[in-house]
Amino acid sequence: MVGWAIAVHGGAGVDPNLPTERQEEAKQLLTRCLNLGISALRSSVSAIDVVELVVRELESDPIFNSGRGSALTEKGTVEMEASIMDGNGRRCGAVSGLTTVKNPVSLARLVMDKSPHSYLAFSGAEDFAEQMGVEREENDYFITEDNVGMLKVAKEANSIVFDYRIPISGYESCGAGVESPIRMNGLPISVYAPETVGCVVVDSQGNCAAATSTGGLMNKRTGRIGDSPLIGAGTYACNVCGVSCTGEGEAIIRGTLAREVAAVMEYKGLGLQEAVDYVINERLDDGKAGLIAVSNTGEVAYGFNCVGMFRGCATEDGFMEVGIWE
């Protein structure tokens, strides 16, 4: 028996001018989700069930970029993706290109539990959702007024935007002729903001699990797939730890970030926080990202190399923290 631990995130890379009321809304949602997970863990719910439960709650609230409130493609539609992994046996499921599934993380769970596959995408994933009878909505359900406004800003700036969680006013001057100091896959982008939600849990049996869900990039090309559904990049769990990442998806993919945390723990003998710090500092090159992690001994850790990360964490011994900035 070990002490349980849980961490949640709502995206890395926060606009430093984010209005106070939006910061408070985000922290309230993170606190609510933490308490939901804590209550389940106290009732001996398994790690894999807790990460699904918490991410469903995050997907159902439009505060962050997943499920309802997902970022929009260049065509003004939503294409969602998610993954989930059970460290007990390294079982996993992932989905991409969803347009109607209310809770993508639960479809990823069904891919893991009810199919012979690990990953389904686009029409195949939608067909599977219909067969499984999961709750579905019209694409309009996922689109918010904020999304539409931020897509307009992104199109006017001829840029890809990581999310809409920034005030629209003040960015009217963003344009293709303005060179951004922030680059994605070697190309400049005009605005960097948080994206993705995730949860990692270790239960009292020492089992680790992780889940990640996102709407992706604002104004992304249709068909673009990021790190969130990619096992080993955005999500990973094994008998050592569970990890969920957020930030610049292309950099996270190149660095196989989530798996790297487990690898340096296994092969270099690093502790959890040491492993997180090492991976953030040594495996992102010029990319900007963050991650949350738990270990099989009940530790919890996080790290990021950008301006802020929406996160919260708690352990069985009473520790609890919800924050945004360093």
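Yeah, the Cβs are placed from backbone N, Cα and C, and that goes for glycine too.
Here is what TrEMBL says about this protein:
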type: ACT_SITE; residues: T196; note: active site, nucleophile
type: BINDING; residues: R224, I225, G226, D227, T246, G247, E248, G249; note: substrate binding site
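Known features from TrEMBL, placed on the structure.
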residue : record                   : contacts (Cβ under 8 Å, 6+ apart)
T196    : active site, nucleophile : H9, G10, G11, A12, F64, N65, S66, T212, S213, T214, G226, S228, G234, C245, T246, G247
R224    : substrate binding site   : T73, E79, G216, L217
I225    : substrate binding site   : E81, S96, G97, A121
D227    : substrate binding site   : A233, G234, C245, G249, E250, I252, I253, L257
How far apart, in Å, are the two Cα atoms that lie farthest from each other among R224, I225, G226, D227, T246, G247, E248, G249, the residues recorded as binding substrate? 16
How many other Cβ atoms are found within 10 Å of the Cβ atom of G226 (substrate binding site), counting all protein chains shown? 24
Give me the count of other Cβ atoms within 10 A of the Cβ belonging to T246 (substrate binding site). 34
